[in-house]
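To start, the structure itself, in structure tokens.
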Amino acid sequence: MSYGRPPPDVEGMTSLKVDNLTYRTSPDTLRRVFEKYGRVGDVYIPRDRYTKESRGFAFVRFHDKRDAEDAMDAMDGAVLDGRELRVQMARYGRPPDSHHSRRGPPPRRYGGGGYGRRSRSPRRRRRSRSRSRSRSRSRSRSRYSRSKSRSRTRSRSRSTSKSRSARRSKSKSSSVSRSRSRSRSRSRSRSPPPASKRESKSRSRSKSPPKSPEEEGAVSS
């Protein structure tokens, strides 16, 4: 079957999906292998749009469902071109031709089981959600740590300001007490002597020295 040929009428057929194919496996090779179990209506190998190489899986259509089941039981785990095949029932119908799919809406993926973009999108969404949650958690943690550091710096600045004010108040009180003691000492030094000392000085001044005999004779004459 050549690439780009429009698909045949596959209504009423049973499709098998064959995984783990090599890039050199051709539709004719698959047809010869699967025709041993019944009449094969169609063999389709999806290829890359740009490189035209096989994507590693194929779909084999049988006219009879029982032949498809026999082929699945026999070929699942068989080795073809050095690869162990995985054969299962296909879930979806065959997609339309690529020429028509460009104009219309995107078709369903031919076959099932983890090869389409739809099967990968939930995983990507889960990953993006987990990444967004981890980012939000890291942001909240960073904000919490920032607020903690800010509160610590504020408390430290407050404690340092309190200690500085306490030191200043202590220095002021010590300077005031020193000035008071100095003023008291000066006032004590400048204060007059006591009354007893004054009386003794006045008595000593009032007492005159004793007169000589010459002075006494002059007075008597």
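Using N, Cα and C of the backbone, Cβ positions are placed for all residues, glycine too.
Swiss-Prot lists Ser2, Ser26, Ser189, Ser191, Ser204, Ser206, Ser208, Ser212, Ser220 with the feature phosphoserine. Residues or ranges marked as N-acetylserine in Swiss-Prot: Ser2. Per Swiss-Prot, domain 'RRM' is recorded for 14-92. Per Swiss-Prot, the feature phosphothreonine maps to Thr22, Thr25; the stated evidence is similarity to another entry. Residues or ranges marked as N6-acetyllysine by Swiss-Prot on the basis of similarity to another entry: Lys52. For 92-221, the entry in Swiss-Prot reads region 'Disordered'. The compositional bias 'Basic residues' annotation in Swiss-Prot covers 117-171, 179-189.
By the criterion of other Cβ atoms within 10 Å of the residue's own Cβ, the least surrounded of the modified residues Thr25, Ser26 is Ser26. On the backbone, the CA of Ser26 (phosphoserine) and the CA of Lys52 (N6-acetyllysine) stand 13 Å apart. Taking the Cα atom of each, Thr22 (phosphothreonine) and Lys52 (N6-acetyllysine) are about 14 angstrom apart. All chains included, 12 other C-beta atoms sit within 10 angstroms of the C-beta of Thr22 (phosphothreonine).
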